[in-house]
């Protein structure tokens, strides 16, 4: 035990004396959370639009007022001619143009039908889509208000309700993802680098010749990172609660346990990487390419798994991060207990055991 | 087994697939001896050492180090030997004192003992001024001396030195050999590999490995006589050329 404490003390010296690893450990999580939370967002706010109103009657005025009163849009320009549409888009001043047809009110009364064209700049398809949806919903609302007075035989009113994230805040989606990335990065990359560093410096050999046992070396190397990863997880949860006002609905205790499980699986991967790479550079490259990319692309963090081609959907099952994100979303957003996520937990546990077994086996072969 | 032999190898062999890295070497090292283990790069020196210090299992043959079998009692061997690799592996981002404390700790020395040893080592090497400096900032020659002293911290019966003088200047090498002699006088057996032939002259006995086999083993004086040359360098050249 005394040896173990000495070993861990040494490991902390390494971490705290290396600015680069300190930054990765503590700077990165905060920077990433803030970046994803504030800068990268799917919500729209105060989008500049232009209006081309061919009729300029009471109805169109009312609709335009409604749109400009919403916090989503601000009317930047009123244009007069069809030709100007292209021009305002090219200048990049507006993201959308609403084009009301001639005799809007009249048509509405006469034909019970009038059209407004929503032209959006689809160079950014997500935003274009969102804008178009928002405008449609404002129009629909207006129409319903008008129809209250008139009696129609029947009408189907869709009532969409977004549950678990009613305001569609994108931070709700990013927090679980970023937490996953960070825990993976800190646990897997940092451990694999710190173990290969000992190999590169030749100190690993000295350690193997000493009476300290190989598994003690590995546990000694990994332990500080378990500790630091847990701190990171806590920091991320606190940031999301206090800065982004994203409440954790479920049990914090369960969240903690699941995080520790994921951290251990990432550490096992880190050890595995260290057994196959001879230098720190290799370890870093393998960690980044082999772990980070799949976590970002295939875990369902950014791109929904259900819309991926089948082969990728199958591959995504092999990524521990996918399961962890499902678990995190379950606990943080839906507030579910273990009875709803036991399957994912079991898969993650199985993977962890598998990775540990594999790295122990690899490590032994290397000693031979 | 003879009591005065601290290392005894019989037909020690290591194969990697079809390649025989170490081919049935047999030799013994007496207590307190400085034993030179010579050979060109790739002759199998490092593989042989790895088997003797218990981090690589022999394919066949056997060896006893400090009275323990290398195949079955590696853990006991590790407690009784010191090892210094060609990289003088210390932690660059730890101070001299922290390095000593750490290595003392993994060999299970008590806190009091570590304190005592640290003081002794720092005085012996004249490191008072740099004891709290990071090892990374010290010149190579100092690292080498500290590394050797660290290998002796737990007072091992045998110290294995794998090319301990690579890359250091002649004066430092000289001083280093003085340290080796001192340790040897105190009863520590020294097992040293080198490819500096002048250093071979300092050894009590020398073995020369060529292509995995020990081709010559005797005192430097006898070897020179046997090959009818004036220096160990010539002995080596004669052997290596076949």
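Don't overthink the numbers, they just go from 1 along the chain as shown.
Any Cβ shown, glycine's included, is placed from N, Cα and C.
These numbers come from a predicted model, not from an experiment.
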Of A:222-244, A:314-336, the range TrEMBL labels transmembrane segment:
A:222-244
Quick test of your reading of TrEMBL: among A:1-20, A:21-40, where does it put transmembrane segment?
A:21-40
Please identify the range among A:146-170, A:171-195 that TrEMBL labels transmembrane segment.
A:171-195
Any chance you could find the range in A:171-195, A:250-273, A:285-304 with the most Cβ pairs under 8 Å to the transmembrane segment (A:340-360)?
A:250-273
